[in-house]
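One structure is given below, encoded as structure tokens.
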Amino acid sequence: MGNNATTSNKKVDAAETVKEFLEQAKEEFEDKWRRNPTNTAALDDFERIKTLGTGSFGRVMIVQHKPTKDYYAMKILDKQKVVKLKQVEHTLNEKRILQAIQFPFLVSLRYHFKDNSNLYMVLEYVPGGEMFSHLRKVGRFSEPHSRFYAAQIVLAFEYLHYLDLIYRDLKPENLLIDSQGYLKVTDFGFAKRVKGRTWTLCGTPEYLAPEIILSKGYNKAVDWWALGVLVYEMAAGYPPFFADQPIQIYEKIVSGKVRFPSHFGSDLKDLLRNLLQVDLTKRYGNLKAGVNDIKNQKWFASTDWIAIFQKKIEAPFIPRCKGPGDTSNFDDYEEEALRISSTEKCAKEFAEF
């Protein structure tokens, strides 16, 4: 009996520690959220080195900060393209959220500024590359390896949700691996501060929760569904719902039917049935106990949540890095000259950036 009592006391203590941490974190976030500063650096402060990725309205480059010689990832967004693709609100959200959050498994924003043509977000550089490329290379991760990553996402979402933030874009491409083998969630382009429900259709087809597809108002529970998709994909090597056309993927998602590979253990299957749960009144993370239903589920029985948060657990995989500015874990992209207009574009739309 004694042993059980100490275990439950430990749980109570841990819960108290978490609550205190989150309360403090919320105060710090609220303060930065309200301040929402503009222009904290300039393009001339950085040497642009190489493109790490491209998107529909911009690119990400590794840069070196001239005064400190530190390396960063600079996200460059073309204002006119952002406006054309109706992503102004999303982009302002992204910058406002990034400048206010601070958590071990979330990428942090160090500087931001704009010029006549572009918006710039200078983020910490994470040299290990995307989880996506490592997962494709090895096929699938073992359950302990998958669990190590999943635990970090659980903690990151617990933090974000406590701040009334929905992430909405979980997928292996948006998870970077740092030099210690831990995760950093990147790309807050779809993140949003929401106290109740929201209706925007956004995300990646394979990872969309059924309520988003069905155009219902939805809440933070969409992130827990996406966690289920991610855990499945890490442990299987492919997502639970896939097809050639998005419409076929959506049909599978809303059907509520999931098939598991034979190598999945029973605890993993149980967790996934509770995360990939179409019925919101039954989905883990969305019930009375909140995130604790997930943290206390059997698949996570061996997880020391505090030790994960403190990065005290040895990572199952350390990416090869030749130094702080190494880009060998990223793909190569065609380089393009940065064109900056002589007149200011979209001043009104991005006044608060």
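Placement of Cβ uses the backbone N, Cα and C atoms for every residue, glycine included.
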Joining Leu52, Gly53, Thr54, Gly55, Ser56, Phe57, Gly58, Arg59, Val60 at the ATP site recorded in Swiss-Prot, out of Lys66, Lys69, Lys75, is Lys75
Sort the residues of the domain 'AGC-kinase C-terminal' (301-353) into helix, strand and coil with DSSP and give the three counts.
5 helix, 0 strand, 48 coil
Look at each of the binding-site residues, Thr54, Ser56, and point out the one with the fewest other Cβ atoms around it within 10 Å.
Ser56
Sequence gap of 6 or more, Cβ distance under 8 Å: name the residues on the same chain that satisfy this around Asp169 (active site, proton acceptor), in order along the sequence.
Asp187, Phe188, Gly189, Phe190, Ala191, Cys202, Gly203, Thr204, Tyr207
Applying the rule Cβ within 8 Å of the centroid of the Cβ atoms of Leu52, Gly53, Thr54, Gly55, Ser56, Phe57, Gly58, Arg59, Val60, Lys75, what extra residues of the same chain belong around the ATP site?
Ile76, Leu77
If you average pLDDT over the domain 'Protein kinase' (46-300), what do you get?
98
Give the helix, strand or coil assignment DSSP yields for Thr54 (ATP binding site).
strand
